[in-house]
Amino acid sequence: MQELIFKLPGMKPFGWTLTLIQFVIYSGCGYAECAVWHNTKRMIPWRIYGVIAFFTVATMGLSNASVGYLNYPTQVIFKCCKLIPVLIGGILIQGKRYGWIDISAAVLMSLGIIMFTLADNKVSPNFDSRGYIMISGALLADAVIGNIQEKNMKKYGGSSNEVVLYSYGIGSAFIFTYVVLSGEIFSAIPFFLENSWKTFGYALIFSFLGYLGVNVVLTHIKVFGALVAVTVTTLRKALTIILSFLLFSKPFTIEYVYAGSVVMLAIYLNLYSKNKASWDHMIRRFVARAMGYHAVATKKDPMMV
């Protein structure tokens, strides 16, 4: 849906306006959910929400803006590699320690990003380094968000609805101030009104679907931690890349497949590190069953006698 929006002629300069629409809808939905569940008491301090809102604006705004400058699968593959800054942020912000498997996964993801960037530079006729700067900034901000949210939701007992309401509500004010001061809003309003069914229609669908995704991610962060939440969202993005190539015409090279395979290997390696005990048990059962079948087949085969 995000790629479809930026396929509209003339949409490229209005990434921050799209982000403003997202934030207003997210905060409105957050308020509605809090009212329905009678969960209107704020648990997390205002100053924390100010920090979360700032980095949320940075990650979503830069991510939306980068779509106008990047081949969309490249943007998605970068977002798949949130593990790298989240891992670094976990070490610096929460003092976490990660094993060699997590570190190996981060290294593989870095390699996959490099391969994808080189492939994009090779085949994309509109290669623009500004897109890479924007999406890299979005990833760094996202790493900070995940770790701050995890730390403070556990510390103060804040709900995911509360976090959405206050962080996106404050963020809406930040973005509105920016688009007014930069003048973007004055060009965006005529453009959106001229193509209202597509611009506002696509933006509303994109925002409501995104809101559902945010709630799922926040729930994962609170229950399982930031690293596992990132892993789950990354698997969804793999499907997004496939659909992007199927639905929209764009340059393709087999090197994209190689780079994507490296990133997927890193994702599964990270999943293994989070579920090592259960995965080891399943692997042992599979190997034992396979060896048992092989032994029975060998015993029954008359040619082996």
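Cβ coordinates come from backbone N, Cα and C, glycine included.
Curation does not apply to TrEMBL; its annotations are automatic.
Here is what TrEMBL records for this protein:
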type	residues	note
TRANSMEM	14-36	transmembrane segment
TRANSMEM	48-70	transmembrane segment
TRANSMEM	76-93	transmembrane segment
TRANSMEM	100-119	transmembrane segment
TRANSMEM	131-148	transmembrane segment
TRANSMEM	168-193	transmembrane segment
TRANSMEM	199-218	transmembrane segment
TRANSMEM	225-248	transmembrane segment
TRANSMEM	254-272	transmembrane segment
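Contacts between the transmembrane segment (76-93) and the transmembrane segment (131-148): present, as 3 or more C-beta pairs lie under 8 angstroms, all at sequence separation of six or more.
At the 8 Å Cβ threshold, with sequence separation of at least 6, the transmembrane segment (100-119) lacks contact with the transmembrane segment (14-36), having fewer than 3 such pairs. If you look at the transmembrane segment (48-70) against the transmembrane segment (199-218), you find fewer than three C-beta pairs under 8 angstroms, all six or more positions apart, and that falls short of contact.
Most Cβ pairs within less than 8 Å of the transmembrane segment (168-193), among stretches 14-36, 131-148, 199-218, belong to 14-36.
Among residues of the same chain six or more beyond the transmembrane segment (199-218), those with a C-beta under 8 A of the stretch's C-beta atoms are 1-2, 4-5, 8, 11, 18, 21-22, 25-26, 29, 149, 153, 160-161, 163-164, 191-192, 229, 232-233.
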